[in-house]
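Peer 1: Have a look at this one.
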Amino acid sequence: MVASRAIGSLSRFSAFRILRSRGCICRSFTTSSALLTRTHINYGVKGDVAVIRINSPNSKVNTLNKEVQSEFIEVMNEIWANDQIRSAVLISSKPGCFVAGADINMLSSCTTPQEATRISQEGQRMFEKLEKSPKPVVAAISGSCLGGGLELAIACQYRIATKDRKTVLGVPEVLLGILPGAGGTQRLPKMVGVPAAFDMMLTGRNIRADRAKKMGLVDQLVEPLGPGIKSPEERTIEYLEEVAVNFAKGLADRKVSAKQSKGLVEKLTTYAMTVPFVRQQVYKTVEEKVKKQTKGLYPAPLKIIDAVKAGLEQGSDAGYLAESQKFGELALTKESKALMGLYNGQVLCKKNKFGAPQKNVQQLAILGAGLMGAGIAQVSVDKGLKTLLKDTTVTGLGRGQQQVFKGLNDKVKKKALTSFERDSIFSNLIGQLDYKGFEKADMVIEAVFEDLGVKHKVLKEVESVTPEHCIFASNTSALPINQIAAVSKRPEKVIGMHYFSPVDKMQLLEIITTDKTSKDTTASAVAVGLRQGKVIIVVKDGPGFYTTRCLAPMMSEVMRILQEGVDPKKLDALTTGFGFPVGAATLADEVGVDVAQHVAEDLGKAFGERFGGGSVELLKQMVSKGFLGRKSGKGFYIYQEGSKNKSLNSEMDNILANLRLPAKPEVSSDEDVQYRVITRFVNEAVLCLQEGILATPAEGDIGAVFGLGFPPCLGGPFRFVDLYGAQKVVDRLRKYESAYGTQFTPCQLLLDHANNSSKKFYQ
């Protein structure tokens, strides 16, 4: 439930942000004199209802920190002491955000588990007071209500939410290696039932407002309003507030009840959970599933189960104590530090550090309607970008357009889009076989065959029909951008935009700049990527850039291990057991054996012995037999269309036997196999930083995890070196270097860190 979702899920949550304070004044209410001194929370009174507004200054989202906590307690004490106020509404002034969670930096500053435990206990006490409020409080939710934000909402007596796409509720703490620490593990099971609460807390998934209503997480929904004199968002917030105020009055007058009637299924589930045997079976089943999926690499899920069990079996006091103690324990684990580091890295990689481009890209064009081209088209039209999709054949173009439509239609099936919205989005796409309309293109992304001659040909054609300001971006995964730009008349407008497959699911976009690429071109490429919803790293040009360059030596070692006689299934088990979401042999099949051969040959020429390991002949023979991986139905495994099951390809036995290499017993234990794979990757990543291919360790970690599936629990290659220890990494490399040679020679920057224990990639 967690490890398999950790890569894809982290980016959905903006649960934590650093807050900077500045005063704000709430106007259209009767206000208290204390209002002028508050910066995050203010309130006014409508009749006998206090309307509490959350509005953290200088931030797009509201988050919970010590200042917010102090102001909230102050406001609630004033409301409780005021006899003229009989109820309250809690609402956000920010469009698209109720409260997005707690400030992650509060935990980063903790040096002991006890400090983190105190943070949890302070939150528990605050929300306990709210839960026991003598005056009913209605949470009016519009936008993200996550983590501590949801814990705040469920401590209120009533919850109303807008029924729109931006309103989501969830507890994503597990994706940061911690647990809901302000009462969430105790209140959620009582509110939505134990099974649903476990699902929310163990996956970190977002719940849409309509689903939340069915679960009992929300009591009432408010339909969003359309445009008027004010914007739809402003009108909807005003309407939400009006409805919430009326309900608060009704609760105070006892004309409406805060209790929601349960359906038959909910009643049966609630009754079943009163039986001790049933509860024990639920715990056992959930624990077994967690252990299977996390492989023991993520401690938070089991701690969540323990906290819930403590509350259900020993009472609320024991439950809250267990929650706060386990929160403290988790906050200082290596896994939590790794996952929080990834979150912070994502925040950095979702900003355009190159500034606003001189001209926004309004018309995009894509060359090649294959898997990648169609994928790029889908994520572009989905965000409102007018897109031309060009291919050389009617069949290819039709297949690409159908892929885009299917991707959008899948969202309709999941109720993420309506049919009308799908058709409206799809109308942004125009398919064609010629360059008609390219004279208006602001950017062209080529996704044609990985051949330098082909790319030169299309670049010349594009420059002959596009305006001077048009940017030419290549989706190549390995060909140096300066070689592609060699035939360009405007090399300052040429850049690399390396997407990952499947484009609509993989979050990373690797942007590659040459010495001639202008800053404005880079700013435009980043702006387009951000609009497409991507997490972006910007790297310097060179063979393999960053991601392919790190993957290649690792896969070379994988081939060597297979040639030494390790079974593909065992190798997959060893690598997933170390934290990779996809096993190494399966990864080769997914990438494509022909692609792996092409990259191995090209980068082998560029980097020589350092990229040694397995024999490229293994890949060549597989390609000659048609064993290209999943796309051909056969690789190291045999794949059945429409089935997730796969079996070993017995025809590989002869190929591997003929290319067998002697195993070296001193470096062939299961642990050594795991570290041979990981250290090849890590050493190359650090070398990329040393050579200036990477600008920052954070971008290196984000690229490795979100583009290549580096174990999230390790936080990326640079975080891994900091947490595991540079000296221990170097010791491993030296051990393997003595057995295999220079491909394991540690780079100088890694040696520098090993020689100085105070030297860290993250200070």
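Note: Cβ is positioned from N, Cα and C throughout, glycine not excepted.
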Peer 1: By the record in Swiss-Prot, which of LYS337, LYS351, LYS505 is the one labelled N6-succinyllysine?
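Peer 2: Annotation hit in Swiss-Prot: LYS505.
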Peer 1: For the candidates LYS129, LYS259, LYS414, LYS493, I need the one that Swiss-Prot annotates as N6-acetyllysine.
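Peer 2: Among LYS129, LYS259, LYS414, LYS493, the one Swiss-Prot marks as N6-acetyllysine is LYS129.
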Peer 1: If you check Swiss-Prot, which of LYS135, LYS664 turns up marked as N6-acetyllysine?
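Peer 2: In Swiss-Prot, LYS664 carries the N6-acetyllysine label; others show none in the record.
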Peer 1: Select, from LYS350, LYS570, LYS605, the one residue given the annotation N6-acetyllysine by Swiss-Prot.
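Peer 2: Comparing LYS350, LYS570, LYS605 with the record, Swiss-Prot tags LYS350 as N6-acetyllysine.
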Peer 1: Quick check on the record annotations: which of LYS534, LYS728 is tagged N6-succinyllysine by Swiss-Prot?
Peer 2: LYS728
Peer 1: If Swiss-Prot marks one of LYS66, LYS132, LYS631, LYS759 as N6-succinyllysine, which residue does it mark?
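Peer 2: LYS759, according to Swiss-Prot.
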Peer 1: Quick check on the record annotations: which of LYS457, LYS489, LYS735 is tagged N6-acetyllysine by Swiss-Prot?
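Peer 2: Of the listed residues, Swiss-Prot records N6-acetyllysine for LYS735.
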Peer 1: Could you check which of the recorded positions (GLU151, GLU173, LYS460, HIS498, LYS569) sits closest to LYS353 (N6-acetyllysine), going Cα to Cα?
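Peer 2: Result: the closest of the recorded positions to LYS353 (N6-acetyllysine) is HIS498.
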Peer 1: Counting only residues 6+ apart in the same chain, whose Cβ is under 8 Å from the Cβ of LYS249 (N6-acetyllysine)?
Peer 2: GLY47, ASP48, VAL49, ARG86, SER87, LYS255
Peer 1: If I restrict to non-local contacts, at least six residues apart, and a C-beta distance under 8 angstroms, what lies near GLU510 (active site, for hydroxyacyl-coenzyme A dehydrogenase activity) in its own chain?
Peer 2: GLY496, MET497, HIS498, PHE500, ILE536, ILE537, VAL539, PHE545, TYR546, THR547, GLY703, GLY707
Peer 1: Please report how many Å separate the Cα atom of LYS46 (N6-succinyllysine) from that of LYS505 (N6-succinyllysine), as a whole number.
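Peer 2: Given the Cα positions, LYS46 (N6-succinyllysine) is 46 Å from LYS505 (N6-succinyllysine).
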Peer 1: At a 10 A cut-off on CB-CB distances, which of the modified residues LYS295, LYS505 has the highest count?
Peer 2: LYS295
Peer 1: By CA-CA distance, flag whichever of GLU151, LYS326, LYS411, LYS569 among the recorded positions is nearest to LYS664 (N6-succinyllysine).
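Peer 2: That would be LYS569, the closest of GLU151, LYS326, LYS411, LYS569 to LYS664 (N6-succinyllysine).
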Peer 1: Starting from the Cβ of LYS46 (N6-succinyllysine), draw a 10 Å sphere and report how many other Cβ atoms land inside it.
Peer 2: 16
